[in-house]
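Here is the structure we will look at.
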Amino acid sequence: MEKIRVSKVEDVYLLRRGTRFDGTLHLMPHHLVFSYLPSPSADTPPDAKPPRQKEVWITYPMINYCCLKPCPPVLRQEPSIRMRCRDFTYFAFFFPTEKKARDVYDSIRALSCKIGRLDKLLAFNYQPKPPEDQQNGWDLYDARREWKRLGISPKDTEKGWRISEVNVEYKYSATYPALLVVPTNVSDSVLRYAGEYRSRQRIPALVYRHPINNCSITRSSQPTPGLRGNRNAQDERLVAAIWATNRGWKAANAPGSTSAEFTPDSSVVNLNDSSANSSFVGAVDENANSGRTTVDDLSASSEADADAKVYGAQQRNLIVDARPTVNAYAMQAVGLGSEKMDYYPGAEKAYLGIDNIHVMRKSLDTVIDALKESDLVSFPPNRQLLAKSNWIKHIANILDGTALIARTVGIMHSHVLIHCSDGWDRTSQLSALSQILLDPYYRTLEGFMVLVEKDWLSFGHMFRHRSGFLSHEKWFIIENEKIERKHDGQGGSNPFENALRGARGLFNRHNESNESLNQLPETNGSENATDVAETASLKPAPIGAAEEHRVTKVNELSPVFHQFLDCVYQLHYQHPTRFEFSERFLRRLLYHLYSCQYGTFLFDNEKERVDTRAKERTRSVWDYFLCRKQEFINPKYEPEIDDAIRGKERMIFPRKGEARWWAECFGRTDEEMNVFGPQAPPNLTPHTSNTSNGHGRSGTSTPIQQEPIVTGTETAEGATGAGATVQLPPTHAVGDGPFNTTSTPNPLDAASTLGQDLRQGLIAGIEKLGIGSNNVSRGASPAAISPRLSEDLGREATKPSEDLGADVVAKKDAGVKDLQAEQTTSAKADQNTTVKTDEVPHLVPAPGVGLGADLGVDAVEREAEDRSRSRKRSELKEVPKEVEMEMQYSGHV
């Protein structure tokens, strides 16, 4: 209570959508409450009873923007506080005096972003009332029970899967569940060695087994081949064992109809709605029946009848890398990357081109900008900003990738392994959505809760990192004090210190192409693309995850779970009779993600929930829904599953080009948000690159380039798409021969690109500070330094492995010389280049910044040390400031 400066303020009025409500504002430890008497309608009879008092409750974690607008008395205007909440509600409170407004603002700020610990949130103090207190949602999900439902148990091993306890104490992988399902013929010893090859030891593990063909959906994190193309025999063995789990498998036919409460043993799909729109080349035989697939077709095995033309009889296992192709290749520079398919035979790899968390965060921010005046006026949303946000394109891309996975498993009778970078964001989206398409159980209220518990909570989606429950100082603004507060605590009257601070800010700025999920934006540390350095949140917490001091990291926030719910809404809208729960259920679940009233979503993984004893200290969010089940039931739901009846089949698929705005979620009407119809024309596939179309209007006329969701494929025989062609500028060429445009990127190309990008980023940073233009004639300029920087960095990053021949090493040396000459020639031109940081393409080398601006810290430090030792003493006397600044750059790149 010491944080509350004022607990009650009278004579306050609220504006929502331009409508005024007069009442009283109350400040409580976990809520902001506004009570008011609604105005009687015009047709209310005079003798009617007076209206009952109503209340608006706002939990502090829901607030993600709060602006105090003080107004001096001379302006004759009331001071106000404008708030934007995460459930897309907007409030503007007007106060009688500025002192009261400021006291309320300071109290809200202290109760939001000054608590610093999760156990100070509402969830650790919430006591439900009957009948909710009789529920126990924590017992809803039991891993062994769910695996048994999928046909996996210690007594049933003929399906090729077993439950491993290698992580039962969370020592093997802190972000994975205690129980992992892996192939029967793979021992725990193999798993331990295989874990060394996967980021954070997140090995390929089962999340879904198809009851008919025994095919699987597994998930993992990215491998770590690096520039040298490292491999791991145990990881290859594990993946091969997954591919082999359904060899010789043949399930018995089951009755054609059953209730969706159980997993039926028959499957059929409307091929006109799914495979006809497939972007997966070769997934469908051109002569295959375009009508419907029978139960016999789907139950048949390729081994059982090699002569029969069974749809999907040729198994085509698939590794799905959710990232854009270029992003996956770029991660090799920091020791990560993607599978080299030469070592994973019998499968094809598809890059989906789904953008990373930073792109999605900016996309939602643009949507918020289109709606942000909702508190003061009742105008419709800004349709230009809605179109520019690309939100609908991102949703459509996720759905397209989900459909590809479901077709591969359910129709192609093949296995799918899904991963992105660390395997807890895009991987969770694709894995959970594809299971919704395949299994009617997950379309029931209980099944959906089990799915969220399994694929999101158990497999370690970082809810705390992505949601920012402890708020942030940046979200609180005093309108006329923005400039003063921006420099609070910076000190720095020294111009040289200010210049260094500006340089750090430039090089530590967020890179749109960044694939890392563990940045430290609130420190002077590096915002790099590596995934190697672990943050403190994943280290053992002796005092419990809830008691540790936490700080919201703004650059790690992203609406990943919101996008998942939006995709479920799209499926619900397209198939209104196939879901037991209603659209309101999805909206309330999104609300309680941020309300912090329940402990379900407060932590990043299963280990943190166990260490904090969340089950004993907090309530489960499922208590809220289970005790109000009838409020969230879809009245149109038809539970019958019958493969012989169109529209009642086991599987469902999203309809291409019909993604739309979830108007109810954004607090708007369907006419306001979807007045022009779906954003993507039915004959076009949403564009997946990081570009925005801000000049087209929101609607069916929005220009969208036709681009398939699969941006590249790769097999042991070769590659197609974006991953198969490298068209680098001449300065990136290696060797004297003609540039080979048909091979995949090699370590020499990547290192040359890295050096070039780092050189350009360094020059641009010095120019932006106004240093280069005033000191060109003083000693060694940045342009003169950069060729040596690029040369040494390229040499350091491309130390050839033992299997490289002498001719390759010779080509590398020749290439470095050519690169140095071309860089020296273009150095002066580069000095005059002005860089706009908001125009950097998505992971494509561009003038001014690039991958090198965020990577290669060790190489830059070594270069700075070598340069300081080798430079002549007279040269050091002439340019001491430039040398000192470069040393600072290299320490904070």
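Backbone N, Cα and C atoms are what each Cβ position is placed from, and that goes for glycine too.
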If you check TrEMBL, which stretch out of 270-317, 462-509, 846-893 is marked region 'Disordered'? 846-893
So for R426 (substrate binding site), how many other CB atoms are inside 10 Å of its CB? 27
Whole-number Å distance separating the Cα atoms of C420 (active site, phosphocysteine intermediate) and N356 (substrate binding site) is 9
If you average pLDDT over the domain 'Myotubularin phosphatase' (137-666), what do you get? 81
